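Colleague: Straight from TrEMBL, here's the annotation block:
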type     : residues                                                                                   : note
BINDING  : Gly20, Leu21, Ala22, Val23, Met24, Gly25, Asn43, Arg44, Thr45, Val85, Lys86, Ala87, Asn113 : NADP(+) binding site
BINDING  : Asn113, Ser139, Gly140, Gly141, His196, Asn197, Tyr201, Lys271, Arg298, Arg456, His462     : substrate binding site
DOMAIN   : 189-480                                                                                    : domain '6-phosphogluconate dehydrogenase C-terminal'
ACT_SITE : Lys193                                                                                     : active site, proton acceptor
ACT_SITE : Glu200                                                                                     : active site, proton donor
Amino acid sequence: MTSSDSKSDTTATAQIGVTGLAVMGSNIARNFAHHGYTVAVHNRTTAKIDALLEAHGSEGNFVRGNTIPEFLATLEKPRRVLIMVKAGDPTDAVINELADAMEEGDIIIDGGNSLFTDTIRREKAIRERGLHYVGAGISGGEEGALNGPSIMPGGPKESYESLGPLLEEISAHVDGVPCCTHIGPDGSGHFVKMVHNGIEYSDMQLIGEAYQLLRDGLGKSAPEIADVFRDWNEGDLDSYLIEITAEVLKQTDAKTGKPLVDVILDEAEQKGTGRWTVKSALDLGIPVTGIAEAVFARALSGSVTQRKATVGLASGDLGGKPTDADRFVDDVSKALYASKIVAYAQGFNQIQAGSKEYDWGITPGDMATIWRGGCIIRAKFLNRIKEAFDDEPELATLLVAPYFREAIEAAIDSWRRVVITATQLGIPVPGFSSALSYYDALRTERLPAALTQGLRDFFGAHTYGRIDADPAARFHTLWSADRTEVEI
Ligand code: 6PG
């Protein structure tokens, strides 16, 4: 049934149902329909169903459900229902309503940006009711939802057998390989989507720093910087975010005739997935410094009171602008690439740690495969990440994989020059500099953590290990007595 004025058709059998018909939900419903599936569509406010069928009903087979029972009656069993509503309370409300009316073996899929711990809780509750619950990360924005997103479904393996082929079909494909795979049990899909978003924050922060270095360091205009990004997109940095940076920087504001970017308020907002990534990394003990700097940089941009109060504070003597502009542009591109490698290395470490902590059995290389297309962080170099994990599934860090090791070797001098120049010019580069510090810290043989341990032992008898003893052995110096050492 395709007509917009049809009320319902309980005789039709739909292979998939979508509830929540804002832009993402509508587009994903259309994507299923474009692939020949009959799609049941439902929305709390039926006007949204009308709008979808009015505008796009002729694109494929849709069947409307004005109420949840009506919607469920049109679905083939086991029923597969994709929820595309705002994460949080609305999701719980829809899940409960669906679960009350569903039957054993039916599958509820949450395609929103839900917090992975919510997904763990919901999966358990739904499993106990004899139903299947799949928390699926979906990336790619409105355009991706319509033409092929990257999909990260978690949940029971057996539900993937029934659901996977549909999701794989509507996902983006790269070299014939779908950008969708079963991630692991319960909250694993939303966990990797969360880390994806954290990396997205980091990528965008690094791009912002590169833009500011070219703007304030070289005095380039937004359209000139757009051309630089367009060039960069032809090389190692080839990625969706670099591509659309050129588009945004090229855009002229119709009202003022200025570059649009020059009239947009410089206060970055966030819905929370970057912050969740950092909170989870803190719990797991994984230093995702690039992502953390990106989240804090957004918070700093929005610290309007502090920013107003500090305008005009001393800068000290600022160095001169780079004299060789071409060399500086090349240095910035290399610093951007090296910092980006660090951000991905940290994100993949978080995925490995999360998988271990929650016993998910995630294959990190699979994430690189399904992020090659459809998602916001899609980039040419994800092929290299995939190769690195194919060669060494237990890779300690991407930084030691031969390709990345060489890429950083080729970039390191430029990276240092950029951080030095930025510091001399007073241009903030928290992403570039923290990534470089992370790299330097990892490769440093002796860190000052030995002194930290000594101080902890001094004031709190917290003990320390010794370089010449079993790492598990603990020692304490009798600081307030004769300062001899005892083994604990
Ligand atoms: C994606 C995006 C998408 C959304 C972010 C934006 O993968 O398609 O990440 O999920 O654009 O949630 O997040 P912020 O509003 O926090 O920047």
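Indices start at 1 and increase along the chain as displayed.
Note that Cβ sites are derived from N, Cα and C of the backbone, with glycine treated the same way.
Predicted automatically and left uncurated, TrEMBL annotations should be read as such.
Because the structure is a prediction, the values reported are computed rather than measured.
Looking at the shown structure, can you explain where the listed features end up?
Modeller: Using a 10 Å Cβ-Cβ cutoff, Ala22 (NADP(+) binding site) registers 13 neighbours.
Over all protein chains present, the Cβ of Asn113 (NADP(+) binding site) has 19 other Cβ atoms lying within 10 Å. Secondary structure at Asn113 (NADP(+) binding site), taken from DSSP and collapsed to helix, strand or coil, is coil.
Taking the Cβ of Lys193 (active site, proton acceptor) as reference, residues of its chain lying under 8 Å away and at least six apart in sequence are, in sequence order, Asn113, Gly137, Ile138, Ser139, Met152, Thr273.
DSSP classifies Glu200 (active site, proton donor) as helix under the three-state reduction.
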Colleague: Select, from Ala22, Met24, Lys86, Gly140, Glu200, each of the recorded positions with a Cβ positioned under 6 A from at least one atom of ligand 1; if none does, say none.
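Modeller: List returned for ligand 1: Gly140, Glu200.
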Colleague: Least buried of the binding-site residues Asn43, Thr45, going by other Cβ atoms within 10 Å?
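Modeller: Each of the binding-site residues Asn43, Thr45 was scored; lowest Cβ tally within 10 Å is Thr45.
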Colleague: What mean pLDDT does the predicted model reach across the domain '6-phosphogluconate dehydrogenase C-terminal' (189-480)?
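Modeller: Here the predicted model's pLDDT, averaged over the domain '6-phosphogluconate dehydrogenase C-terminal' (189-480), is 97.
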Colleague: If you count other C-beta atoms within 10 angstroms, which of the binding-site residues Lys86, His196, His462 is the most crowded?
Modeller: His196
Colleague: Return only the integer: C-alpha distance in Å from Glu200 (active site, proton donor) to Gly140 (substrate binding site).
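Modeller: That comes out at 11 Å between the alpha carbons.
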Colleague: Any same-chain residues 6+ apart from Arg298 (substrate binding site) with CB under 8 Å of its CB? Would you list them in sequence order, or say none?
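Modeller: Long-range Cβ contacts: Tyr201, Gln205, Ala268, Glu269, Gln270, Gly274.
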